[in-house]
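Asker: So that we are looking at the same thing, I have put the structure below in structure tokens.
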Amino acid sequence: MIKKIGVLTSGGDAPGMNAAIRGVVRTALSEGLEVFGVYDGYLGLYEGRIEKLDRSSVSDVINKGGTFLGSARFPEFKQVEVREKAIENLKKHGIDALVVIGGDGSYMGAKKLTEMGYPCIGLPGTIDNDIAGTDYTVGYLSALNTVIDAIDRLRDTSSSHQRISIVEIMGRHCGDLTLMSAIAGGCEYIITPETGLDKDKLISNIQDGIAKGKKHAIIALTELMMDANELARDIEAATGRETRATVLGHIQRGGRPTAFDRVLASRMGNYAVHLLLEGHGGRCVGIVKEQLVHHDIIDAIENMKRPVRNDLYKVAEELF
């Protein structure tokens with residue numbers, strides 16, 4: 001029977017992680033459990049930086065971005081001896097189970113711990129929205145608002161200077177954040193892992209727009225696909241129109257979470273605790289059609305590539 005649980009955040013931070021921690025802590029305490037926070041993710045678990053949390057530990061955090069527990073990337077956690085040390089630290093505190101908030105790398109760690117006898121529940125916290133088995137990850141819609149704000153500002157200055165702007169947006173192998181940002185921001189062109197890039201066609205379309213009197217253009221580009229500055233130079237050379245690249249970078253991860261993310265994170269945190277109380281381990285939570293669901297964490301890892309949103313790409317194609 002579970003009496004003590006731990007909670008940690010791992011990998012890249014996302015707005016709403018604090019709300020998720022709060023959901024876990026408050027629910028666990030309401031159910032008569034003791035709760036421990038692990039600082040700086042799996043690194044802190046390995047180093048034994050674990051502290052008991054109470055209701056006041058999560059007061060006034062629901063509106064704050066980032067994660068007060070801290071986060072860190074710790075690839076060494078793949079090593080068996082490192083995980084054994086982490087488990088030793090869990091045992092010192094009598095922790096029976098763990099809620100892991102993060103992305104795909106965090107899920108892999110949770111899977112490994114579950115296989116070694118420590119039941120874990122994964123909670124999707126990443127702005128990339130690249131986790132299978134959930135319509136939304138915690139932090140995604142908050143990041144979307146941040147990107148839209150940046151695009152709106154870039155459109156103002158691009159219009160003033162008759163400039164083409166390339167906006168590089170996070171997402172890694174998933175174009176969801178770029179796609180939604182492009183539609184909501186009224187971007188003229190979109191380049192994601194799902195669309196790929198036909199550079200000649202892109203330049204031809206831009207030239208057609210200029211010939212029709214288009215004064216500026218915004219191109220939404222998913223990170224890691226290509227060098228945004230190099231693409232800007234190629235477009236400027238071909239069109240004669242000033243072209244600049246803006247890499248939004250880590251600003252997308254910061255800021256206060258939206259109301260949606262606060263509610264989503266709270267619901268998921270609550271649900272994760274109840275799954276542990278029901279005896280589940282090696283599962284991950286999600287939300288599908290507004291309903292909370294849970295899946296085998298292995299399925300989420302092996303099917304990390306989310307289905308392509310062909311319906312939204314069709315909308316984007318007709319609007320651009």
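Each Cβ is built from the backbone N, Cα and C atoms, and glycine gets one as well.
In case it's useful when we look at the structure, here is the feature table from Swiss-Prot:
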| type | residues | note |
| --- | --- | --- |
| ACT_SITE | ASP128 | active site, proton acceptor |
| BINDING | GLY12, ARG73, PHE74, GLY103, ASP104, GLY105, SER106 | ATP binding site |
| BINDING | ARG22, GLY23, VAL24, VAL25, ARG26, ARG155, GLY186, CYS187, GLU188, LYS212, LYS214, LYS215, HIS216 | ADP binding site |
| BINDING | ASP104 | Mg(2+) binding site |
| BINDING | THR126, ILE127, ASP128, ARG163, MET170, GLY171, ARG172, GLU223, ARG244, HIS250, ILE251, GLN252, ARG253 | substrate binding site |
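Neighbours and distances for these, please.
Answerer: In this structure, ASP128 (active site, proton acceptor) belongs to neither helix nor strand by DSSP; it is coil.
A simple way to gauge crowding: the CB of GLY12 (ATP binding site) has 22 other CB atoms within 10 angstroms, across all the protein chains here.
All protein chains included, ARG26 (ADP binding site) registers 21 other Cβ atoms within 10 Å of its own Cβ.
For the recorded site, ASP104 (ATP binding site), the DSSP three-state label reads helix. Within 10 Å of the C-beta of ASP104 (ATP binding site) there are 19 other C-beta atoms, taking all protein chains into account.
Counting only residues at least six positions away in the same chain, the Cβ atoms of GLY11, GLY12, ALA14, GLY102, GLY103, THR137, VAL138, GLY139, TYR140 sit under 8 Å from the Cβ of THR126 (substrate binding site).
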Asker: Measure from the CA atom of ASP128 (active site, proton acceptor) to the CA atom of GLY105 (ATP binding site) and give the result in Å, rounded to a whole number.
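Answerer: Spelling it out, the Cα of GLY105 (ATP binding site) and the Cα of ASP128 (active site, proton acceptor) are 13 Å apart.
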Asker: Using C-alpha positions only, work out which of the binding-site residues ARG73, PHE74, ASP104, SER106, ARG244 is nearest to GLU188 (ADP binding site).
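Answerer: Nearest by Cα distance to GLU188 (ADP binding site): ARG244.
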Asker: Ranked by the number of other Cβ atoms within 10 Å of their own Cβ, which of the recorded positions ASP128, GLU188 ranks first?
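Answerer: Ranked by Cβ atoms within 10 Å, first place goes to ASP128.
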Asker: What is the nearest of the binding-site residues PHE74, ASP104, GLY186 to ARG172 (substrate binding site), using the Cα of each?
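Answerer: Result for ARG172 (substrate binding site): the nearest of the binding-site residues is ASP104.
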Asker: If you measure from the C-alpha of MET170 (substrate binding site), which of the recorded positions ARG26, ARG73, PHE74, ASP104, ASP128 fall inside 10 Å?
Answerer: ASP128
Asker: May I ask which of the recorded positions PHE74, ASP128, ARG244, ARG253 is closest to GLY186 (ADP binding site) if we compare their C-alpha atoms?
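Answerer: Minimum Cα distance from GLY186 (ADP binding site) across PHE74, ASP128, ARG244, ARG253 lands on ARG244.
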